[in-house]
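Record features (Swiss-Prot):
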ACT_SITE  Ser64  active site, phosphoserine intermediate
BINDING   Ser64, Asp276, Asp278, Asp280  Mg(2+) binding site
BINDING   Glu370, Ala371, Asn372, Arg496, Pro497, Ser498, Gly499, Thr500, Arg505  substrate binding site
MOD_RES   Met1  N-acetylmethionine
MOD_RES   Thr62  phosphothreonine
MOD_RES   Ser64  phosphoserine
Amino acid sequence: MDLEAVCKRSALHAKPQGLILQYGTAGFRTNAQHLDHIMFRMGLLAVLRSKQTRSTIGVMVTASHNPEEDNGVKLVDPLGEMLAPSWEEHATCLASAEEQDVRQVLAAIVEKEAVDLTQTAFVVIARDTRPSSEKLSQSVIDGVTVLGGQFHDYGLLTTPQLHYMVYCRNSGGRYGQATVEGYCQKLSKAFVDLTNQVSCSGDVKRSVKVDCANGIGALKLREMEHYFSRGLSVLLFNDGTQGRLNHLCGADFVKSQQKPPQGIEMKSGERCCSFDGDADRIVYYYCDADGHFHLIDGDKIATLISSFLKELLLEIGESVNLGVVQTAYANGSSTRYLEEVMKVPVYCTKTGVKHLHHKAQEFDIGVYFEANGHGTALFSEAVEVKIKRLAQELDDGKGKAARTLASIIDLFNQAAGDAISDMLVIEAILALKGLTVQQWDAIYVDLPNRQLKVKVADRRVISTTDAERQAVTPPGLQEAINDLVKKYTLARAFVRPSGTEDIVRVYAEANSQESADRLAYEVSLLVFQLAGGIGERPQPTF
């Protein structure tokens, strides 16, 4: 490793003095002006990770649902999953190192991880459509090449497409072809095979309106739609030709504001969905005959998918370990419906998609979605092989169910949550079951809920357990929350510290909106009093 050359090149990507950023679930994210040095250094780190794992590593330049002026970067591990936690720490150390310490930090990573520097390295790079992304991805390439790594620049991709490419490259082609065409063809063939089962006798062609958040999703959906256009018409809105990325549109806006995005015309009963800026999240919604807006979030998406998978498994007659993974933010009604009606086991993990993904890997079939619409389904290799064998061997109704399940398996992007893949899965299931969007929404009724934030002097005062549903410290807080919850019907509440700033997040749900609002307010007052609240005391919102 020519550290002299690295240091010389690093000086051309100088770090702003005193800037400290932490590698989190979403990698690094901040204003694009501050990211040049981080991009270069993540190129360096990707080479070391590639040498250590003897695999292709991915680097994605994106800031997902953040505003257009921001950008970010995250590394993708060999199976398309997020970077290993120990390497997240290396990323933080390397990004935060002052210029004179870069050499030392790199040497320490090499020693600690026993990196064989003679090993070849291969890195694949992609970016979203932000104005800053092309220049920043060149800084990544600069870091890769100065350490002698080889690379392939995919140019513009959605984040889940890059995860898919990494997985394909490291599976020796078993998972699919590591090209955009390979991705489009695999998903489209599975979708067309599924929708061909649906009788079209006089039916109007199915269509869905898609808000693409003025991001990369529009570009990639347009590239792909001709592959499956016979089965589904997609009408694109916020396609990047006019508005700003994520501005008053996109999945995050729709979920947080509980209203439709700008730039989309909604008629009663029409299915609409929104992607986020890098197309790894999706939420659905519609307006009823009275003009009321209805959101269908990740909880209801997981319920639709897992219920359908359970039905297919029952038809095939296979006993398979199927589980759904949620976070504490999942609506209580969804958990009750899955456990009590569908008899599907539900597991709760800490917030953060990497926790859900890892838990889902423990099942034969693991379905996970965060309420924000980020999720997918994972199938063990043994289950995939078995289902595809049954699909070929069986002729009767069992064979048809096995073939349907085999196509569903191919339609999922198992490397990461993928808005395009998830949309096609949802559209296929709705078509096969003959469900309208209103009927899907009516599977269960969400419990009213409220989320609040409380400013505190130090968020570390609060620690949690039981997948963030119980507060351990400060003493007395959890007991006081329990006493408040007992006053309301079908109620629960929890508090958790933010991962990035000194605030505590409060969640409450109950059988009425007024009760949920009151409970959230009372819990936020407790946090303010017992956990060192600062600034203005929480005020009632009801």
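Along the chain as shown, the residues are counted starting at 1.
Quick reminder: no glycine exception, Cβ is built from N, Cα and C everywhere.
Not measured: the values here are computed from a predicted model.
Measuring Cα to Cα from the residue listed as 'phosphothreonine', the recorded positions that fall within 10 Å are Asp278, out of Met1, Asp276, Asp278, Asp280, Pro497, Arg505. A 10 Å cutoff on Cβ-Cβ distances gives Glu370 (substrate binding site) a total of 23 other Cβ atoms nearby, all chains included.
When Cβ atoms from all protein chains are considered, those within 10 Å of Asp280 (Mg(2+) binding site) total 31, not counting its own. With Pro497 (substrate binding site) as the anchor, the candidate recorded positions are Met1, Ser64, Asp280, and the one with the nearest CA is Ser64. Summarising the substrate site geometry, the residues cited as binding it (Glu370, Ala371, Asn372, Arg496, Pro497, Ser498, Gly499, Thr500, Arg505) extend over a maximum Cα to Cα distance of 20 Å. Those residues of the chain, other than Ser64, Asp276, Asp278, Asp280, with a C-beta within 8 angstroms of the mean position of the Mg(2+) site C-beta atoms are Thr62, His65, Thr158, Thr159, Gly215, Ala251, Phe275, Gly277, Ala279, Arg281, His374, Ala419. Each of the binding-site residues Pro497, Gly499 was scored by other CB atoms within 10 A of its CB, and the lowest score goes to Gly499. Same-chain residues at least 6 positions away in sequence with a Cβ under 8 Å from that of Asp278 (Mg(2+) binding site) are, in sequence order, Met60, Thr62, Ala63, Ser64, His65, Asp128, Thr158, Thr159, Gly215, Ile216, Gly217.
The distance from the Cα of Asp276 (Mg(2+) binding site) to the Cα of the residue listed as 'N-acetylmethionine' comes to 39 Å. Met1 (N-acetylmethionine) has a Cβ environment of 18 other Cβ atoms inside 10 Å. Neighbour density for Asn372 (substrate binding site): within 10 A of its CB lie 21 other CB atoms from the protein chains shown. In the three-state DSSP reading, Arg505 (substrate binding site) counts as strand.
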